[in-house]
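Right, one structure below, let's go through it.
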Amino acid sequence: MIRVNNVRAGYGDGPDILQGIDLTASGGEIVTILGPNGCGKSTLLKCIAGFVRPRGGAVEMEGRDVSAVAVHDKVKHHRMGFVPQTDNVFSTLTVADNVLLGARHLPVPERNERYAELMAQYPSLASKQERKASALSGGERQILSLARALISTPKVLLLDEPSAGLSPLMMHEVFAAIAAIRDRTGMCIVMVEQNAFEALSVADRAYVLSLGKVAIEGRAADLLADPAMRHLYLGGEPPPAEPHPRLAAVS
Amino acid sequence: MVQFVVDVLIRAVDLALIAIGLSSVYSLIRFPNVALVQYATTGALLALCLQMAGLPLVVAAIAACALVGIIAVVLNVIVFERLLRAGSAIAMIGSLALSMMFSAIFLVTAGPRPKRFELEINPPLRFLGARLTEHQLMSVGISALAIIVFALILFRTDLGRCMRATATNSVLASATGIDTRKVTNTVVFLSGVMAALGGIGLSVKGEMSAQLGLDMLLPVFAAAILGGLGNALGAAVGAVVIAAAETMVTNVNFGPLFGASVLFIPAAYATAASFLLLVVVLLIKPYGLFVSEVKRV
Ligand SMILES: Nc1ncnc2c1ncn2[C@@H]1O[C@H](COP(=O)(O)OP(=O)(O)OP(=O)(O)O)[C@@H](O)[C@H]1O
Ligand SMILES: [Mg+2]
């Protein structure tokens, strides 16, 4: 579905932020991109979406070279959905308008049906449909942005840190929702994440970037089990199953 | 009193047409295009030429509006899109330079002497004691209609939704499949059409001079800023406020206030009034009377 071939990219006259990246993602799988701050994860996602034009190499979607195709054309012709890391809602529009904008090209009955489904799925949005998006909390905006991308049932979904700012409970819910979408629709999902443990738990495959290059790639389960990976990129051991003694004392 | 309202409306509609265009385009490209007021003169000049070439005034006006819309889009694509890559300050200075070029072209083609449309002279109509000519009525009606149509486009159509989405967050707009460049150029086209209509309206009611656009520059900017730059309907209200201030200055007899029988303020002070008003309002509400979609995040 998506193939990134030896892509180099950067901003303006600046240096190459991506220095020859290879990546693939197919339908029905979640591919997660991990790595330290500033290593180029968002840049890679923007490159796939088309906001950043590759300086070298190529981005392919469904077998076609789309390196030079405009973002809005990819949304139309390859049914691509994109959730940016920041500024991910239309702040001056209502919650309902935000979600419905994602389904502009759907026929009205289908649009309304999908909208109702999403509102049932995310009660936190349903109760605020007529509010301006600027009046939502950070986590609610995150959910709204996801709902906007999902309403059109895209074939390719690019998510930049969908769990940012979410409470642990909400984060689990969002990841579970993303996994369910994959299983139900066979969507191709590429997800940049900071919460590496959770991301690797739902993802099928993972790429770890470092300084603009792919440092590690492999099956998510393998990476999760790899002690070197844990030590270098996941910040040591997974959180203990038992509550911390002090927390236990509190409760 | 009725005469005052009528005079304000006559002045406000043309101001509003240009100010709405200025504000809408600003919301998308984030710089105020000074050359827009010259599009008004261009529209009046083209309509005048077409009328002299033998077309009926209405046909000439429609053709002139469409032509100016196209000119606005062409200039946006070949001049402003490029300048904007260097930043909005550069683009604004570019638009100032462009409007000076327009002035030069007007002087060469139309000459320094004011011109008039060929119109039948009919006795003015009376309406609740107020006087207005048939042409004034027509012009106000058409301009008001154009403003209403634009408002409907903005709030009731897909183009309007796309426009508001692009103004708020253009990255996200393209991520939802909106061709933001096309949306911008459509709005630029509409702004050109409205500016031309405003220019024609002004010259039908008075005369057409090469200075027409530049004379409008300050009141149009005042109206757009007063309404919260980037807020189209705010600009319309701003235009009414500015027109009221100007009309107050020029038409109201301040004599009784000072114990004289007749005391009019010279018309040359009309612009000063709109500026005084602008400064006072901005001191109290720095973002204009209405918060614009652009400023509120
Ligand atoms: N618009 C931009 N213009 C210039 N440089 C940029 C721009 N966006 C990002 N960069 C630079 O590119 C590098 C990679 O940024 P990127 O946003 O891809 O990092 P990231 O891996 O997503 O980080 P984070 O985890 O903090 O989101 C950084 O050094 C950053 O300074
Ligand atoms: Mg990032």
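Note: Cβ is positioned from N, Cα and C throughout, glycine not excepted.
Marked as transmembrane segment by TrEMBL: B:12-29 (among others).
Annotation source TrEMBL lists transmembrane segment at B:36-53 (among others).
With a cut-off of 8 Å between Cβ atoms, the residues of this chain six or more beyond the transmembrane segment (B:59-78) that come close are 29, 35-36, 39, 42-44, 46-48, 50-51, 98, 184-185, 188-193, 195-197, 200. Taken from TrEMBL, the feature transmembrane segment covers B:59-78 (among others).
The transmembrane segment feature in TrEMBL is assigned to B:90-110 (among others).
The feature transmembrane segment is assigned by TrEMBL to B:137-155 (among others). Long-range Cβ contacts of the transmembrane segment (B:137-155) within its own chain (Cβ-Cβ under 8 Å, at least 6 residues beyond either end) map to 9-10, 13-14, 16-17, 20, 24, 125, 163-164, 190, 194, 197-198, 200-201, 204-205, 232-233, 236.
Taking Cβ pairs closer than 8 Å, the transmembrane segment (B:187-204) reaches residues 13-18, 20-22, 24-25, 28, 36-37, 39-44, 46-48, 57, 61, 64-73, 76, 115-117, 119, 135, 138-140, 142-143, 146, 150, 153, 163, 212-213, 216 in its own chain, all 6 or more past its ends. The transmembrane segment annotation in TrEMBL covers B:187-204 (among others).
Per TrEMBL, transmembrane segment is recorded for B:216-245 (among others). Long-range contacts of the transmembrane segment (B:216-245) within its own chain (CB-CB distance under 8 A, at least 6 residues past either end) are made by residues 8-9, 11-16, 18-20, 22-24, 26-27, 32, 34, 36-37, 40, 147, 150-151, 154, 167, 198, 202, 271, 273-278, 281-282, 287-295.
Listed by sequence, the residues of this chain that lie at least six past the ends of the transmembrane segment (B:257-284) yet keep a Cβ under 8 A from its Cβ atoms are 218-219, 222, 225-226, 241-242, 245-246, 248-251. Positions annotated as transmembrane segment by TrEMBL: B:257-284 (among others).
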